[in-house]
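Here is what Swiss-Prot records for this protein:
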ACT_SITE  GLU122  active site, proton acceptor
ACT_SITE  CYS374  active site, S-methylcysteine intermediate
BINDING   GLY200, GLU201, SER232, SER254, LEU255, HIS256, ASN331  S-adenosyl-L-methionine binding site
DISULFID  CYS135-CYS374  disulfide bond
DOMAIN    128-371  domain 'Radical SAM core'
Amino acid sequence: MTPSAASALVEKTPLETYVPPAKPSLIGLSRAQLCDRLGDVGVAPPQRKMRAQQLWHWMYVRGARDFSEMTNVSKEMRATLAEHFTVDRPEVVAEQISADGTRKWLLRLPSGGDGQKAHEVECVYIPETDRGTLCVSSQVGCTLNCAFCHTGTQRLVRNLTAGEIVGQVMVARDRLGDWIDRETPNGNRLITNIVMMGMGEPLYNFDAVRDALLIVSDNEGIGISRRRITLSTSGVVPNIKRTGDEIGVMLAISLHAVRDELRDELVPLNRKYPLKELLQACRDYPGASNARRITFEYVMLKGVNDSLDDARKLVQLLKGIPAKINLIPFNPWPGSNYECSDWDQIEKFSEYVFNAGYSSPVRTPRGRDILAACGQLKSETEKLSVRERNALRAMAMTD
């Protein structure tokens, strides 16, 4: 298989760096950083920790959107905070609701300083009978060029800040009424799980992703357990161990091939970090056990990686790793060179892997009709034409 021009590059370079606005948001700051910002506006050292805890509670427990809501903070302090800061999160530009209940939000990030353009990202809420999962983005665009992924065709504009990542969770909670003492207008369904599987490669934005997930998992705030947060990477090997040590969330690997020559084409990052290095990093992942298995994501591509020989090789590769295998039917998008494997072939592949002792669920495609399924996200900064959108919807309806 000859690599396409689009996938020839292993990584893309960001077109921009983030420039903070003149009045920055406090969303995404650690407690220590909040104390520093309070010091910047004249709060005395003995009061900073207490004030920071008040802000933390209002932002992450009650979802305050304005300092005026913070009724146990003095009027003078609220005025000072409002003069210098905001608690803004991204703006909802559009909301789409799939026939299966999946929701996709197009979010406009606050524009930065020096006239920096406001950019857009997407996040997706997936309701299920026993959980509600939010798929969160880490970059505007993506560093990588995975051949089967729509997001990978987009430019990498810039990394998101910790505040912009946390802000996606807060927007979803706003829309779902998922804050304490709030009405729940959308069926009383709560966000119980977070997956870092939206736009971008999280481990190429490690510091911001780490800081955001530590806030999201803080039990005095949003409080989503680290065991209910999954970070998916295409294999940035040097940061895999750091993920376990510094964040402690569940790990997922976008594997998709069992031979280096094929993975070089599907996931060009493999040329930098080949399978042997990637799988060793998984064996060494801190905290991995039968109770905390690593998920290996495997998109099923017709005639490419879906043979029983591929299944046998997959089982061999994962020997010694506490693992489960998530088989993903390929989600079509206009211009893609791939097709989804036939369902009977997916079932045979799954059965072989299951009989070898690995959990191998087939992911149910969700939100295809609104371009919200795995591999379909692409922000409005890289708009689809009407023809492309109609073509994609037609493909979704024929599955």
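Glycine residues also receive a Cβ, built from the backbone N, Cα and C atoms like all the rest.
Given the structure is predicted, the values throughout are model-derived calculations rather than measurements.
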Binding residues GLY200, GLU201, SER232, SER254, LEU255, HIS256, ASN331 (S-adenosyl-L-methionine) - maximum C-alpha distance in whole Å: 19
Segment-level pLDDT (mean, integer) for the domain 'Radical SAM core' (128-371): 92
Protein Cβ atoms within 10 Å of HIS256 (S-adenosyl-L-methionine binding site), excluding its own: 24
Rounded inter-Cα distance in Å - GLY200 (S-adenosyl-L-methionine binding site), GLU122 (active site, proton acceptor): 11
Pairwise CA distance, CYS135 (disulfide bond) versus ASN331 (S-adenosyl-L-methionine binding site), rounded so that it is a whole Å: 16
Least Cβ-crowded entry, counting other Cβ within 10 Å, from the binding-site residues listed as SER232, ASN331: SER232
Which same-chain residues, if any, lie at least 6 apart from GLU201 (S-adenosyl-L-methionine binding site) yet have Cβ under 8 Å of it: SER138, GLN139, CYS142, THR143, LEU144, THR233, SER234, VAL236, LEU269
Local Cβ density at CYS135 (disulfide bond) - other Cβ atoms counted within 10 Å: 28
C-alpha spacing of GLU122 (active site, proton acceptor) relative to ASN331 (S-adenosyl-L-methionine binding site), in angstrom: 17
Inter-residue Cα distance where the pair is the residue listed as 'active site, proton acceptor' and SER232 (S-adenosyl-L-methionine binding site), in Å: 16
Between LEU255 (S-adenosyl-L-methionine binding site) and GLU122 (active site, proton acceptor): CA-CA distance (Å): 23
In three-state DSSP terms, the structure that ASN331 (S-adenosyl-L-methionine binding site) belongs to: coil
